[in-house]
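A.B. asks: Take this structure first; my questions come after.
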Amino acid sequence: MAIENNNNGVNFCTVKRPKTKIVCTLGPASRSVPMIEKLLRAGMNVARFNFSHGSHDYHQETIDNLRQAMESTGILCAVMLDTKGPEIRTGFLKDAKPVQLKQGQEITISTDYSIKGDESMICMSYKKLAEDVKPQSVILCADGQITFTVLSCDKENGLDRCRCENTAVLGERKNVNLPGVIVDLPTLTDKDKDDILNWGVPNHIDMIALSFVRKGSDLVEVRKLLGEHAKNILLMSKVENQEGVANFDDILLNSDAFMVARGDLGMEIPIEKIFLAQKVMIYKCNIQGKPVVTATQMLESMIKSPRPTRAEATDVANAVLDGTDCVMLSGETAAGAYPDLAVGTMAKICIEAESTIDYPDVFKRIMSNAPVPMSPLESLASSAVRTANSAKAALILVLTRGGSTAKLVAKYRPGMPILSVVVPEIKTDSFDWTCSDESPARHSLIFRGLVPVLHAGSARASHEESTEEALDFALQHAKTKGLCKQGDSVVALHRVGTASVIKIVTVK
């Protein structure tokens, strides 16, 4: 069995990479340097740090290990901080013993979080619970495994009398959802602010996944909090309740990226409508050219099993066909028995799904929704994709400084990979040469089809010389990575002086 697993690990290193990006949650099963190296080789593009669990020191150790693994493998990986957000949780229990609940049993829920719960009373962390729910409201616990129906509310004492609708065991500190209730909690808690400013910013994170975003103004607040760091950190919104769904367009407008977080969303809207919410959200993100991550339970059974269920394999493929930029693994990599196998399996499914897409048709659909008039840069990017599709090019090559041109090319979903050659800006005063940081390269790791590569360039070369040098470097790099071979056509997009040029080059 061990030999078989090792073989799988080796195969996954040699297969080609999918265009769809893979986000992996790092946790107890995957935070050692050797395991992170395996994940990087298997196809991890973004490492997710889930701040619902773990201390700053714990996450610091993990990110230090990630940097070491990146250094030893030479594989670039972006860092995502996922905020805990304004969660409501059940409290602690007497002697830490799980409580056995029976169907039809009545129980009191208190908002006094110091209470140690038992069969007759438990507590929840939301102070306004008794005010915001009403008789017949539903309270869901432990990812929806336990359902309570509210019978009566005592607002003065903060107590709700409830009936348990199913037999189940309740452990300590389980998450709580209140479907249809507009909850009076801030999007960013004090803990989130501390995590972002005292861990995220010093560690130069690339993106923040914001839990429970409810309106566009929430993102304005986060940008204010980040101040000068906002330009280097992408904000990815997670819509996880009905208020967020209602304000989706406003939220997307103010976000850099989006996550379809199906876990909490599945508690808030009827489970049979999740597929539609996913498709609509992904479609809207695609039209706006904003990267979108599909998350939650994608290969859930691989936490324990070396093979996913057929339904899971189909789910991953369908997310790719829907147009997702990234697919995400949570417990599968954080606490599962087969972290690297889960990544490799996901990569294989994505490659297979991508091979069935009608790319010219996708291009037409995005073009028909493109802004009028189009910005010169977007017009150029879409023309590069049209040229590459017609010329049956093996690769699109974009020389970029800030990465925005390459991202616009990715919006038009070419059938071939896009090599985004990030040429750091050389800033000079009379004493010193400095390069801008590599965050544009890491940011592009959440765009489908974008392959970033850093090119140091020669500080003293003229613009034309450095452009030619960067093009030669990029073509050589693409050949070694197997993105193109001798005789292939490559569409190159770059600047010459003040003009931008699209040209077709043949790989020598």
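Just so you know, glycine gets a Cβ as well, placed from its N, Cα and C.
Predicted, not measured: the structure shown is a model, and the values here were computed from it.
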A.B. asks: What does Swiss-Prot list, out of T83, T90, T294, T296, as binding the same substrate as R48, G263, D264?
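C.D. replies: Only hit among T83, T90, T294, T296 in Swiss-Prot's substrate site, alongside R48, G263, D264: T296.
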A.B. asks: Max Cα-Cα distance in Å among R48, G263, D264, T296, the residues listed as binding substrate?
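C.D. replies: Site span for substrate, by Cα atoms: 18 Å.
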A.B. asks: What Cα-Cα separation, expressed in whole Å, is found between H53 (ATP binding site) and K238 (site 'Transition state stabilizer')?
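C.D. replies: Pair distance, Cα basis, whole Å: 18 Å.
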A.B. asks: Between the recorded positions D82, K238, G263, D264, T296, which lies closest to R89 (ATP binding site), Cα to Cα?
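C.D. replies: Closest by Cα: D264.
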A.B. asks: Can you tell me the CA-to-CA distance separating F51 (ATP binding site) and K238 (site 'Transition state stabilizer'), as a whole number of Å?
C.D. replies: 14
A.B. asks: Looking only at R48, R89, K174, which of these binding-site residues has the biggest number of Cβ atoms within 10 Å around its Cβ?
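C.D. replies: Comparing the binding-site residues R48, R89, K174, the most crowded Cβ belongs to R48.
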A.B. asks: Within 10 Å of each Cβ, count the other Cβ atoms, then let me know which of the binding-site residues N50, S52, T83, T296 comes out lowest.
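C.D. replies: Lowest Cβ count within 10 Å among the binding-site residues (N50, S52, T83, T296) is S52.
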